Amino acid sequence: MAMDKKGDLEWMPPRPEPVHWRNRQRSLAYSVTLTLVALFFTFALRPEAFPSFLVRKGLHKSPLEQVLTRVPLTDGHNDFAIWTRAFYQNHIYRANFTDHDELYGQVDFPRLRKGRLGAQFWSVYVECARNPNEPGVQYEIVRDTFQQIDLVHRMINHFPDFLVPASSVADVHHNFYHSPGRISSLLGIEGLHQIGGSASVLRMYHELGVRYASLTHTCHNEYADSEAPEEPRHGGLSTAGEAIVAEMNRMGMIVDLSHTSLATQRAVFNVTRAPVMYSHSSAYALCPHSRNVPDDLLQMLKENDGIVMISLYPEYTNCQDADAASLADVADHIQYVGNLIGYRHVGLGSDFDGMSHGPKGLEDVSKYPDLIQELLDRGVSVDDLVGVTGGNVLRVLGDVEHVARSLADTLPLEDDVKPFFE
């Protein structure tokens, strides 16, 4: 049955009494004020209640805190392990080696925490042999390397409030979010003289957490030439070296070019299927030392999508006067490489405890935030510094893992062994 307009209106709810617009404005302002006060006390008393998307973006934090909380601060090279061998004979259960005292050197647990470190590639370095052809020398180097790997594992187990194991990008990110304040601990060897001429040994190192291998240290080996001796042995990478690079690609181990000759570096860029790293090197253009990377090789690194992790070693930082090397000089190297090939390819590789002293302002591991603040003050963006302080090297590690997965059907490199029966 149809209804007239009057009938339709009778079904509508009564119209409310008019509210003066000034009263409505006061009411709205009062409500907003109460809401803001409630939010302030909620977030002040319970910071975890802050909206997750703002926490992820770090919009409520200073630029320095945004950098340090978006990614684990990751150092590509630290010699704490060999320092512990040299000065404590690898004894970490004695009263003079604790997690609450300052240890001799540039690294200890209180200073690591103050420096806000989130992940570390601990070098399990063993020096080159003075007489490499003497019987038993290669065995001793491999044994000593296993002792250094074991040392880091024992440190992780004995100091769990500070260290946590990691062997992948996923581990590092998981630890960063679920074990805050603990340092994800990965390993790196510093020269293929440490593998005793055996791909099998290199694979065992990988099983124990070694995620990068420098092709050389300060000596040539059967795989590659170092930058240190004047006379090259192979003219770069040997045939065996090409095979070992392919094996590292297959197993998911980063190829590290620090300490290698320029010819070795160029050869590696031509054969590797994965991004590479310089774990602790700087810009040759600013300090023309053979340990640093020239511009043309930085361009090759960009094409490879790899990373150079800027060293703090004074002799590689300020070639005019190493004793005058400073935090500002290190920042210059970071900016130079970032401006030349992009900050995507820059990281931090301190070499703490591998040098007699650090640059002024970067004397020990507690000083990382000062370097980050200097770069912020110079106008480097938060996003770029998130990459420099950890995002870039973790991206490289992730890419290396991806290449390894793509090579899963490739057979491992086998050692040639002597016939058992002759």
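Cβ atoms here come from the backbone N, Cα and C positions, even for glycine.
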Cross-link partner of Cys219 (disulfide, per Swiss-Prot) out of Cys128, Cys287: Cys128
Swiss-Prot Zn(2+) site partner of His77, Asp79, selected from Glu140, Glu190, Glu207: Glu190
Cβ within 8 Å of the mean position of the Cβ atoms of His217, Arg291, Asp351: remaining residues of the chain near substrate: His77, Glu190, Thr218, Ser258, His259, His280, Ser281, Ser311, Tyr313, Tyr316, Gly354
Asn96 (N-linked glycosylation site): nearby recorded positions from His77, Asp79, Glu190, Arg291, Cys319, Asp351, Cα cut-off 10 Å: none
Residues flanking the Zn(2+) site, with Cβ no more than 8 Å from the Cβ centroid of His77, Asp79, Glu190 and excluding those residues themselves: Asn78, Ile82, Ser123, Tyr125, Gly188, Ser279, His280, Asp351, Gly354
Entries of Cys128, His217, Cys219, Asn270, Cys287 which, being recorded positions, have CA atoms within 10 angstroms of Asp79 (Zn(2+) binding site): none
Winner by Cβ contact number (other Cβ atoms within 10 Å) across the disulfide-bonded residues Cys128, Cys219, Cys287, Cys319: Cys287
